[in-house]
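J.: Quick one: the structure is below, questions incoming.
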Amino acid sequence: MRVAWRRARADLWPLLVTVLVVALTVGLTDAVPRLLTSRSDAAVRDAVERADPPADLVVTSTYGAGMSNPESGEAETRAGVDDAAVRIQQAMPRSLRPLLGPPAADATSIDLTLSTPKVPSGGVLWMTYLWAGGEPAVRWTSGAAPGPGADGTVRLGLSGAVARVLGVGAGDRFEAKKPDHTVVPVLVTGVFEPQDPHDRVWAARPEVLEPRIVGPDGAPTTVVAGLLSAASLPPARAALEPDGVTRTFRFPVDARALDYAGSRAIVQKLAALESSPDRLNAPGPEPRLTTRLGDVLTQARQRVSATWSQAMVVLAGLAGAAVLVLLVSADLLARRRSTALRTLRARGRSLTDIAARSAAESAVVVGAGAAVGLALGAAAARGPVTWPWVVVVVVAGVLAPPAFATVTAARSEARRVPTDRHRRRMAQRVRTVRRLSVEAALVVLALAALAALRHRGVVSLSGPADLALAAAPVLVAAAGALLLWRAVPPLLGGALRVARRSRRAGGLLALARARSTGAVLPFVALVVVTTLVALCGALAGTARAGQTDGSWDSVGADALVRTPTPSSTLPDVAARLAAARGVDAVAVGRVQARANLFDAPGVDTVRVLAVDPRAYGELLARTRFGAAPQLATLAGASREAATRTEPGPLPALVPTSLVGAHPSLRWAGVTVDLAPVGPAPALPAQQPDGSSAAPTVVVDRTALAAVARAVAAARAAQTGVTLVGPESPVADPDTIWAVGPGAAAAARAVAPTGADVVGRAQWLADRRADPLAGGLLALVALVALVCAGLAAVVVVLDAAATAPDRARSLATARVLGLRGRDAARVATGELLPPTLVAAVGGVLLGVLLVGAIVAPLALRLVTGQAGDPGVVLPWWAVVPVALLTATVVAVVAVESSARRRERLGQVLRVR
Amino acid sequence: MSAEPVDAAAAGARPGSAAREPGAAVQVRGVHRTFGRGRSAVHALRGVDLDVSPGELVALVGRSGSGKTTLLNLVGGLDRPDQGTVLVDGVDVAALGDDEQAELRRDRVAFVFQTFGLMPVLTAAENVGIPLRLRVAPVAERERRVELLLDLVGLAPHALQRPDELSGGQQQRVAIARALAGSPRLLVADEPTGQLDTETGLSVMALIRGVVEAEGMTALVATHDPLMIALADRAVRLVDGRLVGDA
């Protein structure tokens, strides 16, 4: 015991390095999966909470034609709506019940057109019965709640706001028309105010409380809803025969009850329910279950799964790097103890005994490191230990020292290079064949893992069997390191040839030692950890740059204002926005996400951007898309078309594949011939909702309106049918883009009511605050930091392993007349070249690796882009090169300092 | 070499010591060297005086621990005395700075060690050429000299072999060739035959004797070997750090 302790104390710092490496790796590989689990749950809940429209479960059912009885009274309403909601809730699968809040139900009419004093035309009326555990609580300001009536008149109540818009009051009558123009007489029995306008009962039909105006400015439509009571619903149903009322049972989803682990089963259960809604005991002939919950959960699961897999790739890399560092550390220990080990062996100690003693020591050391790591991991995130990578690191840490000790002890001290040239060559060939076999096997394994990863993608990684797949990058790094290692001797050999021809000693001494003393294990370890730093750097850089690109692709400017319908007032809004402080450029336009295109090979649907080309060009020039001279060309070509009264081709910028074609665009009910004048410039590639934009056609908005009207007029002259009148808003804008530091704030200030304002900075901030993306980037940065530290540790360990020979060699050179400072240069020249080759090679490997796996890693799910992001290497990914150079310089300085304390005459004495 | 020759007497020659020999290649006067402190201090040299004439081969004899190697280290500028002076070609070695000592070793003194002290990563020829590289000698001159010296020590066919491909005797021959490469004035050899068998040791001794005569250099050789002592011009004995006279 005392001997073991003395031996450990003599090699304290390599053992402490082992403890540190094990603790850091175990801590990270243990804690990160638990942290990810918690972030995954948060991500799933966040996705459901943010779902727009909501991810509620909605059961709809009709009553069936001829199933109404105007005199059935409120009992039938209770049974058909209120009680049905409760029955459906009770019929919900047990696994879904905890997720679902109390149901809300409504029975709502089809769209009816109405005519009242204030809305003689252009009004849409819904008659609706609402229930959410009870009918809505209201205060009747005039009249009373609607009651039964068998005279064919539908009785309903109106909210004060709706009554004012329609210009009716309690006791007034007006007519509503069904789609078949059948008249339904309506009696307003009372006007009410809601006791709680935020009560969930109103959520199903908010138009009961607040009229909604839709459609273009020139022809708005007023949508309102009237409130039926349980008693007035049966006569309403009778008036709306056949089957003019639909029941909707809405079950809100409580996101807090969701977690990632259970979401898969929920998705499967929802799919089963959607295909067989009969299980829900819903009333009516053909009940249907619809919900976005399945899609929302599937998308969230996909992102979580991708993030997990990305994290697993990073953790696998970290574990692999740690294992390599532990091997290097074990090698150093065995070298430092080589004399003692050989002495033990010479005195008859068995190899098993030597291995057991070494294993006992390493078990204590690695156990201590693992305990510290697990404690750190538990402090970071509570939960059961995540074993896979922890086991890998601990097993490698425990087994490596006895393995190296055994091999060292087994080697004969008298082992020499055979003097016989033939035997020397044979031994060399055997070593070469053995090495080539190992290298070839590793290269094949790495390529197979990489090919599998590229083929399957990380999103499909699901279980422990895929851990090997997650280790593909580290395997590729190791294989690349071996190949690079093969390149080092020729490189050093070339430099050595030059040094041999020189007059000086320094280069020869340094390079001869570098070439002869380099060991493959530290080199591979150094390349792998450097590759991982570059890989993490490139992942982080690519993700962040991709997020920025994604913000431009989604928003298209610093601020985006969209109105639900085209509005002729937007140019005025744009003018106010342009005058605001901090706004550099503004463009207004019409964006049609999908429009049909004819006579266009390979393209049948396009996105149409109808803009003022000059203004939009000036705006684009201030974005990352850059200047677009094609827009100036379009502006020039469209000048004549903007004043055209006769049909003719419309100048357009089209997808590159369509330049030279003669496509036609379907627009506002007419077909417009396009005259391509050039390719469309680089444009935002995504719709604001994140979906990928179709190929884009850019036209002059004024010219589009003129040409469409001219075509419509010509057609009207032929057919007598007027589709587009001279005042029709065929190309009214619905979008304003603005750039400038104050664009977002100014857009919010001037945006019309109901318009959607999106700020690019906010979009980016939201994306970066995402728990998954943020967590992944934090992990990547942390692992990069740890790997950079590991790289420095490898350099120190490698230098320590060769330090005695180097000291002896330099002492000899100093005895021969080499000056002290020149000795430091020789030491630097010995250590630095392989280190730099490893560092630079590792960085290049990391970048190549990211290029190869950026698609299968599904980084687009992190960046929010429609396509895979381009690889970006941040400046700090090359820090390892500087760090390792600095480490070498520090090691040489420490060694030089130690040499100064050493008496030169003693170095060459018999040992 | 920036250090100027000094007058040995003025530099601390001890009154009553052996008569100063004008023009001596090596003059050691009153040298003390102690390693460690307090009770664990080891007094390696206790007032040693020694003169070695130019071209003389002096064998330094004594038991292990008698101070032979310490004295050689001081003479070769590998160590500094605690007290006394060491003059090599009239230059006070102890007064030199580290760089100047390195220049002394590079230009005037050569060493042969019991452990050979060869660079295992260099070939025999490269090892021999190191002193010339340290002097930044022209490449052609260096190559010519290396070839000549390897031929002199009988190792021309082994020029491209590394030390671990050579026998002990061959390695020591390479070390001697390297020592001669810079045409030193003084050869310091610390038990050069200590790790060699008798026959090989004999040939190495003969080689040292031969080159000392051929090159006209001074040699100070620490040895236990009676044959080496016999080959020397003079042998001096060290006992417990004191020079006790000719052996």
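A Cβ is built for glycine as well, from the same backbone N, Cα and C atoms used for every other residue.
It should be emphasised that the depicted structure is a prediction, and the values quoted were computed from it without experimental measurement.
Sequence annotations record features per position, and here TrEMBL assigns transmembrane segment to A:311-333, A:354-381, A:387-411, A:432-453, A:473-498, A:519-540, A:776-800, A:831-855, A:875-894. Taken from TrEMBL, the feature domain 'ABC3 transporter permease C-terminal' applies to A:782-894.
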J.: State the residues, same chain only, that lie 6 or more residues beyond the ends of the transmembrane segment (A:519-540) and have a CB under 8 A from a CB inside it; answer 'none' if no residue qualifies.
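T.: Same-chain contacts beyond the flanks: 310, 314, 317-318, 320-321, 324-325, 327-328, 331, 473-474, 477-478, 480-482, 484-485, 488, 777, 780-781, 783-784, 787-788, 790-791, 794-795, 797-798, 801-802, 834-835, 838-839, 841-847, 849-850, 857, 859, 871-874, 876-880, 884.
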J.: By DSSP, how many residues in the domain 'ABC3 transporter permease C-terminal' (A:782-894) are helix, how many strand, and how many coil?
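T.: Taking each residue of the domain 'ABC3 transporter permease C-terminal' (A:782-894) in turn, the totals are 92 helix, 0 strand, 21 coil.
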J.: What parts of the chain pack near the transmembrane segment (A:776-800), using Cβ distances under 8 Å and only residues at least 6 beyond its ends?
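T.: Long-range Cβ neighbours of the transmembrane segment (A:776-800): 14, 17, 20-21, 24-25, 28, 32, 307, 310-311, 314-315, 317-318, 321-322, 324-325, 328-329, 331-332, 519, 522, 525-526, 529-530, 532-533, 536-537, 539-540, 543-544, 768, 831, 835, 839, 862, 876-877, 879-880, 883-884, 887-888, 891, 895.
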J.: Need a quick answer: max count of Cβ pairs under 8 Å to the transmembrane segment (A:387-411), which of A:311-333, A:432-453, A:473-498, A:831-855 is it?
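T.: The listed stretch sharing the most Cβ pairs with the transmembrane segment (A:387-411) is A:311-333.
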J.: What parts of the chain pack near the transmembrane segment (A:432-453), using Cβ distances under 8 Å and only residues at least 6 beyond its ends?
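T.: Non-local partners: 468-469, 471-473, 475-476, 478-480, 482-483, 486, 852-853, 856.
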J.: So which residues does the transmembrane segment (A:831-855) touch in its own chain, when a touch means Cβ under 8 Å and the partner is 6 or more beyond its ends?
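T.: Sequence-remote neighbours of the transmembrane segment (A:831-855) are 313, 450, 453-454, 457, 472-473, 476-477, 480-481, 484, 487-488, 491-492, 495, 511, 514, 518, 523, 526-539, 542, 791, 795, 799, 868-869, 871, 873, 877-878, 880-881, 884-885, 887-888, 891-892.
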